[in-house]
Amino acid sequence: QLTPSSFLRIGQLSNVDLNEDVHELETELPRQRPNEIPHNEKLLSLKYESLDYDNSENQLFLEEERRINHTAFRTVEIKRWVICAMIGILTGLVACFIDIVVENLAGLKYRVVKGNIDKFTEKGGLSFSLLLWATLNASVVMVGSVIVAFIEPVAAGSGIPQIKCYLNGVKIPHVVRLKTLVIKVCGVILSVVGGLAVGKEGPMIHSGAVIAAGISQGRSTSLKRDFKIFEYFRRDTEKRDFVSAGAAAGVSAAFGAPVGGVLFSLEEGASFWNQFLTWRIFFASMISTFTLNSVLSVYHGNAWDLSSPGLINFGRFDNEKMGYTIQEIPIFIFMGVVGGILGALFNALNYWLTMFRIRYIHRPCLQVVEAMLVAAVTATVGFVMIYCSRDCQPIQGSTVAYPLQLFCADGEYNSMATAFFNTPEKSVVNLFHDAPGSYNPMTLGMFTLMYFFLACWTYGLTVSAGVFIPSLLIGAAWGRLFGISLSYLTKGSIWADPGKYALMGAAAQLGGIVRMTLSLTVIMMEATGNVTYGFPIMLVLMTAKIVGDYFVEGLYDMHIQLQSVPFLHWEAPVTSHSLTAREVMSAPVTCLRRIERVGTVVDILSDTSSNHNGFPVVESNPGTTQVAGLRGLILRSQLIVLLKHKVFVERANLSLVQRRLKLKDFRDAYPRFPPIQSIHVSQDERECMIDLSEFMNPSPYTVPQEASLPRVFKLFRALGLRHLVVVNNRNEVVGMVTRKDLARYRLGKEGLEELSLAQT
Amino acid sequence: LLQQLSLLLPALALALGPAAAGGSRRLPALEALGEAEELAEELWGAGLPGDLPELEPECRQLLADFAEGSAALTGCLGRSARPVRLCQACYRHYRHLLAQYGNIAHAVGNSSESHNCAKSILTSDRLQIVVTLSEFFNETWEAANCPNCLKNNSEGLSNSTVEFLDLFNKSLTCFEHNLQGQTIHLSPNNYTEVCKNCNETYKMLNDLYNNLQRMNRQGGESGHSAHLCIDVEDAMNITRKLWSRTFNCSVPCSDTVPVIAVSSFILFLPIVFYLSSFLHSKQKKRILILPKRIQSNASLVNIQEKYS
């Protein structure tokens, strides 16, 4: 029995220990390291943890497997298919909802503003129309930004970087919650209606992923509802597979590109992949695009027509003029170069802006104000451009949704207004398909320039919005300009149809910004519905990526880095073979003995300075302090469940009737295990012993000290590990390699560099 | 079949003979061709015995009707191409032609079940000229959106169209009326009189057109396009062009100064925002965590330290 005074002593001791530790370290390093530094890209945040993709093959697991017979596993397989179908259907429905609401709200807004402009064009006082437009935009965006900034900041942006991280194995807090989905969907609607230079396609990927994560668990912690279904899938490995299906379904619904969606998941989460999973993901993708298609066709009044497979539909590219000849391929490649350069410029500008935002605009109120300002400025820029433009086109025979006359003659509309006074998706399609001569080069040039800066400024705001459509729009505008000048140079040759060049420009610009290759090629190909465009689009994207990578990296990777996420790339840095596991690992390791005192466990878990999640379990020889041989690995979450259920050796002897802990108890607590502070352990219980041998993973992966970094990296990355124990030749624990230890080595401009860890 | 061929050949020779012979004398050659045609026709009609597969007289009559009807429609379409009066001028012809085509398609010859007119006229050769012609007319009609300004069974112009055309004529008369006095002693750019006097009519016309368009869009079913019929569209187009291009009547007030003021104010706001947040907001600092590691010199050599 511990007296209160002795307990206090222990607490003091641990405090003293901690201080000494820090003190020691400081004296050890004579160079004065700055303790507090401004945010920069060379940091790894402690906020992010890994996901447990490695299955813990403890005795409970083996028992369960023995209990479930063969037919039950077959049911599990069927359940997987059912879940995939549900993911597809729900993702498609969410996409429909977004599309329909955006269409109606944006239509309402544009009609109001158009009516106002038409009224004031006659009487004078257009400045009021400008104010109305800017105020409408700013207020809608304000709502969208407030919900994101104050309720769920992780819903900001396109969500693709976050999903990329998740599939990579990083646990981004809150990323797959129902609340995030709701905020994301509302946020997207509001930011598109608010007239920002954004698209609703990127967020669909995030939405799909959240839907998948939610359905596969059969419950929602946000709603506090447990449907008691799909309990088998309540662990990180299974959830990841469904999340990749959800992301694929999202892409598929966004672009009407089921194969592109599968390849997107493949490109982003490829290290965990198998044939059956691919087939299931493809199934989910197909279901998703089909659901969207059928619901939208019913909504548009021509049921069974199935003519709108995606949120954005590039329209048909199959007439004679849209074909390309072999002579045009060098021209397309040149466009790829231009796209790469412009994309790199976009990313570089956005990098500086994002850095500034992280450093100075970190308070939610400021973020909301910034978003409102961007919305107002976007409206103003659009208005001024339309006001100054003298490019009038006959209204007859054109398919403009909201033709603005302004200073044009009656029966004509302002051509600049088709680009600015419209949702970005519609503008893209107009640029692809409007007849040659619908835009004059001056209009396109000004539009490209302005939209480039607006889109660059908008990405990274605290609103949920994607960058796909703005990139396509910029690219389509300069591509069309390029096509027009080309046909001007060649004295109106037949093959210089501007729509084709608009498409290639869009591909080049998008490739230059996001640097996706395989999936983007297929997405573009499917969105155009023309397989013969595959080759030029591939060339364009390839060139754009090569040229862009020469300057800066892709937008998503850049943002992942700026968020200080410990992201593991495909390979370890090439020049890192001289580093060994000994230098990479963290040491010393907090180990637990196989039969450990409860008090020790609680103290270790509640120690705020060491936020470890996995503890090697060593052979228990209570007498010695020496590090002993490795026996297994136990996770923080498992320990917490054990403490919560009070699975102590003494209690087991005390009451034999107490039921044994099952795997289900661990799954029920997943994924939000309670913090250690919420678990009450009395003084008596602290003296009890806890037997970990039944619950630990008895065969954790280990590496010897001499293994090189690339070797460790390969094992870690390919298996999706969270903890990798480093042992010496007597199988004694000498260190632990975790994600952050590996992710901190990076190939920079001057060779191998090491990132620092930081508290954020 | 042989018998048929032997009957055909002389007719062909008769038809081609004079034309081939008289290449230099063009007009007489044409005449000769015409004669030959008639001759061949006679031969065709008279020379064939009744039991051979031949176009029955009823069918022949139907075909001739169709030919006449299409000639009339073509003429009408061509004549009313500019200014566009297609739908008003030709809907009778079109309806007529439709009926004639319907007759051919549904007529059944009385000789036998298998040889009805529809089959022998519409589908017995590769060219199928009657079908092609009829398709062409239908497509043109659809493209012009004529059903839009006609009554349900194309039996006449719809009420709204009649109303619109009346107003259109009224405004044209108004233009003419007001221009008459001025043409002699005024420069062509000064049409203030027209603008003042016809403003009301023009406005009414414009509003009516917009109304029609809105109604059309609302009632527009999935198959119908959102366009009004070409007559109405073109009439409006002409009027609008006259009004704003020729007469220069619609001069919008351009209030550039307030627009510049408001927009520069809005464009100025972000600069203020960013400057103030740069100066006043506390820069976010990150607290570095020192990792627990075995310090070895080898690794330090490898890694270029950033913070020196």
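These residue numbers are counts, starting from 1, taken along the chain as shown.
Backbone N, Cα and C define each Cβ position, glycine as well.
Database features (TrEMBL):
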TRANSMEM  A:81-102  transmembrane segment
TRANSMEM  A:130-151  transmembrane segment
TRANSMEM  A:181-198  transmembrane segment
TRANSMEM  A:242-264  transmembrane segment
TRANSMEM  A:276-299  transmembrane segment
TRANSMEM  A:331-353  transmembrane segment
TRANSMEM  A:368-388  transmembrane segment
TRANSMEM  A:442-461  transmembrane segment
TRANSMEM  A:467-489  transmembrane segment
TRANSMEM  A:501-525  transmembrane segment
TRANSMEM  A:531-552  transmembrane segment
DOMAIN    A:696-754  domain 'CBS'
Seg_contact(the transmembrane segment (A:501-525), the transmembrane segment (A:276-299)) with at least 3 CB pairs under 8 angstroms, min sep 6: no
Rounded mean pLDDT for the residues that make up the domain 'CBS' (A:696-754): 88
Chain residues outside the transmembrane segment (A:531-552) and at least six past its termini with a C-beta under 8 angstroms from it: 317, 323-324, 328-329, 332-333, 335-337, 339-341, 343-344, 347-348, 351, 503-504, 507-509, 511-513, 515-517, 520-522, 524-525, 558
Stretch in A:81-102, A:130-151, A:442-461, A:467-489 most in contact with the transmembrane segment (A:368-388), if contact is a CB pair under 8 A: A:130-151
Stretch in A:81-102, A:130-151, A:181-198, A:242-264, A:276-299 most in contact with the transmembrane segment (A:442-461), if contact is a CB pair under 8 A: A:181-198
Top Cβ-contact partner of the transmembrane segment (A:81-102) among A:181-198, A:242-264, A:276-299, A:331-353 (pairs under 8 Å): A:276-299
DSSP residue counts for the domain 'CBS' (A:696-754), split into helix, strand and coil: 16 helix, 25 strand, 18 coil
Seg_contact(the transmembrane segment (A:276-299), the transmembrane segment (A:331-353)) with at least 3 CB pairs under 8 angstroms, min sep 6: no
Long-range neighbours of the transmembrane segment (A:130-151), counting only residues six or more past its ends (CB under 8 A): 109, 112-113, 116, 179, 183, 186-187, 189-191, 193-196, 364-365, 367-368, 371-376, 378-380, 382-383, 461-464
Positions whose Cβ lies under 8 angstroms from the transmembrane segment (A:242-264), at least six residues beyond its ends: 83-84, 87-88, 91-92, 94-95, 163, 166-167, 176, 200-202, 204-213, 215-216, 233, 272, 277-278, 280-282, 284-289, 291-293, 308-313, 468, 516, 518-520, 522-527
Tertiary contacts of the transmembrane segment (A:331-353), as residues 6+ beyond its ends and Cβ separation under 8 Å: 324, 452-453, 455-457, 459-460, 471, 474-475, 478-479, 482, 486, 501, 504-505, 507-513, 515, 536, 539-548, 550-555, 558, 562
Intrachain neighbours beyond the transmembrane segment (A:181-198), with Cβ under 8 angstroms and 6 or more residues off its ends: 94, 97-98, 101-102, 105-106, 109, 133, 136-138, 140-141, 143-145, 147-148, 151-152, 155-156, 159, 206-207, 210-211, 214, 371, 374-375, 378-379, 382, 423-424, 451, 454-455, 458-459, 461, 463-467, 469-470, 473
